[in-house]
Structure formats: structure tokens, C-alpha cells
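Encoded as C-alpha cells, the structure appears first; notes follow it.
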Amino acid sequence: MFDALAERLEQAWTKLRGQDKISESNVQEALKEVRRALLEADVNLGVVKEFIAQVQEKAVGTQVISGIRPDQQFIKVVYDELVQVMGETHVPLAQAAKAPTVILMAGLQGAGKTTATAKLALHLRKEGRSTLLVATDVYRPAAIDQLITLGKQIDVPVFELGSDANPVEIARQGVEKARQEGIDTVIVDTAGRLQIDTEMMEELAQVKEAIAPHEVLLVVDSMIGQEAASLTRSFHERIGITGAILTKLDGDSRGGAALSIRRVSGQPIKFVGLGEKVEALQPFHPERMASRILGMGDVLTLVEKAQEEIDLADVEKMQEKILAAKFDFTDFLKQMRLLKNMGSLAGFIKLIPGLGGKINDEQLRQGERQLKRVEAMINSMTPQERRDPDLLSNSPSRRHRIAKGCGQTEAEIRQIIQQFQQMRTMMQQMSQGGFPGMGGMGMPGFGGGMPGFGGGAPAPQPGFRGYGPPKKQKKGSKKKKGFGL
């Protein structure tokens with residue numbers, strides 16, 4: 001997402017490089033590139049015109065700070081305006097003073113509404129809120145079955161009355177059921193249409209009137225481009241939305257919908273979908289999204305994703321093994337699977353400042369393939385070989401057997417083992433506080449040190465940043481999650 005937009009904006013900054021100040025004349029070329037970039041990203045034309053006018057006014061009237069180049073100052077102006085357009089700050093879901101909180105989901109067919117409903121339920125369950133899903137889509141074949149299947153997958157109950165019942169009555173009874181059972185939140189999945197029509201809007205209005213929702217969330221497919229603006233406007237004028245969920249941002253969408261929805265409706269984007277898995281839903285933070293658009297990464301989201309997967313106790317054990325030079329292939333496999341659990345390699349890389357626009361899709365695909373090869377190699381080892389990598393260094397017959405087991409050459413196996421040994425040694429030295437100034441090393445496939453990725457430097461693991469070992473937890477203290485820094 002936003003790759004083409006980020007590349008285009010990079011061209012805009014070059015128009016101001018070498019200038020000693022921002023003026024009415026020299027900013028025009030940069031603004032043309034920004035305008036072209038936004039239009040190619042499918043941002044609504046009216047939003048683009050307003051955006052450019054605001055940037056021009058602020059850029060020309062801004063005093064360039066001593067030591068800051070004009071192109072850097074211009075980037076700051078564009079960043080601030082992007083944040084402003086997308087809503088300034090994250091807007092959390094409403095929560096009723098008296099349970100249940102009722103959330104009505106709306107949107108066109110194919111936008112991913114039912115999946116987004118389940119994703120939202122899982123997000124709330126992780127926050128400790130009990131949730132009930134209500135299936136009112138009685139028109140689409142298997143829509144109710146789909147929601148029931150997703151509900152079982154995330155361990156959230158689903159209320160339904162079959163495909164012959166009235167959607168308004170299903171919604172009303174579902175909310176009442178939640179009230180009787182003391183459930184915190186009800187999420188009502190409604191029927192979609194291939195296009196907006198009077199019948200659809202009338203039914204939505206009746207459901208809304210019957211259940212008086214605290215949130216009306218419009219699910220928007222980010223791949224519909226400029227139509228996102230008119231779609232949002234139509235739903236807001238007829239139903240009155242309180243926010244939006246933008247889906248499929250991990251695909252080939254240009255991302256322009258993210259810049260149009262708030263400005264057109266005045267209502268915030270509250271979540272974005274970044275994959276098909278039910279875990280692939282993130283709260284929308286305008287300042288973080290602006291940072292991604294400008295190729296500056298998103299460290300906070302990276303940290304949050306890691307905190308969900310990393311346990312402090314595991315970090316301490318791993319650090320102790322590294323200090324004792326006992327880091328083995330079993331540990332390495334755990335680290336690889338941790339990376340997988342955090343999402344795709346492409347999504348992970350693009351959250352890292354400075355890397356998002358530097359690594360092309362082919363390199364990312366190569367990195368993904370190599371991760372699979374290394375995992376296959378480790379899976380072909382015996383438990384003893386995983387625990388003692390030196391066995392493989394000294395035994396050609398073991399390497400031959402592993403190569404046959406994972407479909408790779410003996411030379412490839414030998415190279416991966418050598419790189420692993422180098423990585424293990426350097427990780428031990430780095431965890432003891434050595435190797436200053438080695439930032440940027442260790443990215444899989446890009447000159448870094450994960451075995452099989454074309455380099456001997458170590459891949460920095462969460463918690464191993466050249467600091468001393470973390471302090472031991474006191475007995476009885478609550479287990480914490482995080483990097484262990």
C-alpha cells in the first residue's frame with residue numbers, strides 16, 4: 001500500500017533540493033508532483049485541490065529553520081497536512097455507560113464486511129470485552145454460515161434466526177439477548193449490495209432505528225479508489241455513520257481512500273484491515289499512516305505488534321543463551337516463527353524507518369522464499385542437530401542427509417550453517433555491549449546476517465540491542481510483555 005504514492009512524493013522533494021529557501025516560484029514544481037502523486041493514488045479530486053491549497057499556503061509562509069533544508073521543511077508541511085486530512089489523532093470506539101455497546105456494520109457487498117465484523121470482535125475480545133455477533137444478512141448465500149464459522153474460529157458467539165427471518169427483528173432480538181446475558185458489546189453484521197439502492201438504505205435505516213447503535217461503522221474496500229469518497233458521502237447522508245473501517249490495505253490498492261473518507265464525511269477511520277487473517281486489524285492512527293506514506297516507517301506499530309508476540313521471560317532466557325553462546329537452531333526457528341506471527345516480511349520491513357522505500361518487491365519475495373528454505377532445512381534436522389550446530393559443521397554425511405530432506409544442495413546447507421555460526425558469535429558480542437554503530441545490519445535478504453540471506457552480520461533480535469542483560473523479575477511479580485528493554 002502507498003508504495004507508488006511514496007515514490008511520487010520522493011520526486012516532489014527533489015524539486016526543492018539545492019534551494020536556499022521556499023518561495024512562491026520554486027514550490028510550484030514540488031506541488032505539481034504532490035498533486036500528481038495524490039491523483040494517481042486515487043485521492044478524491046476535491047480533497048486533492050483542498051490539500052494542495054493548504055500545503056501551498058503553509059509552505060510559502062513558513063520560515064525555514066536554520067540548519068534545515070527547504071525540502072525537509074516542505075516534507076514537514078506535507079506530513080502535518082496529511083495528518084490533518086486523515087483526522088489528527090486515533091478515535092477509539094464508543095463505549096456505552098451501560099452495556100451493551102451496540103455497533104452496526106454497513107457497506108457494499110464484497111468490501112469484506114463480514115470478515116471485518118469478526119476481526120473487530122477478536123480485537124475487542126483481546127481487550128477483555130465480551131462480544132456477541134448478530135447475523136442479519138439473510139440475502140447472500142452462506143453469509144450466516146460464514147459468520148458462524150468465523151465466530152467459532154475466534155471463540156465469539158453468534159446470534160442468528162435463520163435466512164427466513166426479518167433482519168430488523170434479528171437485530172432487535174440479538175441486542176436484547178446481549179442485554180439479558182450481560183455481554184459488553186454487540187456487533188451487527190448487515191446485508192450488502194453490489195451498489196447503493198433505496199431498498200438497502202431503507203433496511204439499514206430500520207435496523208438502526210430498532211437498535212439505536214452507539215457506532216455505525218462503514219466498511220470501505222480501499223481498492224475502489226475514488227469511489228470511496230462518493231460511497232462514504234452517500235452512506236453518511238442517508239444513514240449517518242460514526243466512523244469507517246478501511247479494508248484490503250495490504251493488497252494492490254493505492255491507498256487514496258484513506259485520505260478521502262475523513263475529509264468527505266467528517267467521520268474518522270477507526271480501523272484498517274491489513275490481511276485476510278482475523279488478527280489482521282489495526283487501530284487507525286493518522287500520524288502513523290502519514291509517516292508510512294512518506295516512507296518514514298512506523299516504529300510504534302512495530303513495537304505494538306512485537307509486544308503481542310514477545311514475552312519478557314522468553315527474552316531473558318534467549319539473552320542468557322546468547323551470552324553463553326548456546327543459541328541454537330531451535331531458538332532460531334522460534335525467532336523466524338515470531339517474525340511470521342507479526343505478519344508478512346513486506347509488512348514488517350515497511351514499518352522500519354528508512355527501509356520502506358529502499359527494498360523492492362522482488363527482494364521481499366526473495367526474502368520470503370529464503371525464510372521458507374531455512375525453515376525447511378531446520379525441519380529436516382534431528383533434535384540433537386538443532387541443539388548442537390557444531391555436529392553439522394563437522395559431518396558431511398549429516399549435511400548430505402539434510403540437503404536431501406529439504407530439497408537443497410549441500411553447498412547451500414553448508415553456507416547457511418556457516419552464516420549461522422557467524423551470526424551466533426556476533427550476537428554474543430553485541431549482547432555484551434560491543435559493535436557500536438552497526439545499525440541497519442541483520443535484515444533478512446538485504447545484506448544482513450540471518451543465515452541464507454547473503455551476509456554474515458547478525459540479525460538483531462528483540463531485546464538484544466547491545467544493552468546489558470535485563471534484570472531478573474522479582475518473585476510473585478506479574479508477567480509482563482514487551483521487548484525486555
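From the backbone N, Cα and C atoms, a Cβ is placed for every residue, glycine too.
The annotation GTP binding site is assigned in Swiss-Prot to 107-114, 189-193, 247-250. Lys113 (GTP binding site) falls within a helix when secondary structure is assigned with DSSP. Neighbour density for Lys113 (GTP binding site): within 10 A of its CB lie 25 other CB atoms from the protein chains shown.
For 471-485, the entry in Swiss-Prot reads compositional bias 'Basic residues'.
Look at Swiss-Prot and you will find 452-485 tagged as region 'Disordered'.
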Coarse DSSP state, helix versus strand versus coil, of Arg193 (GTP binding site): coil
Coarse DSSP state, helix versus strand versus coil, of Leu249 (GTP binding site): coil
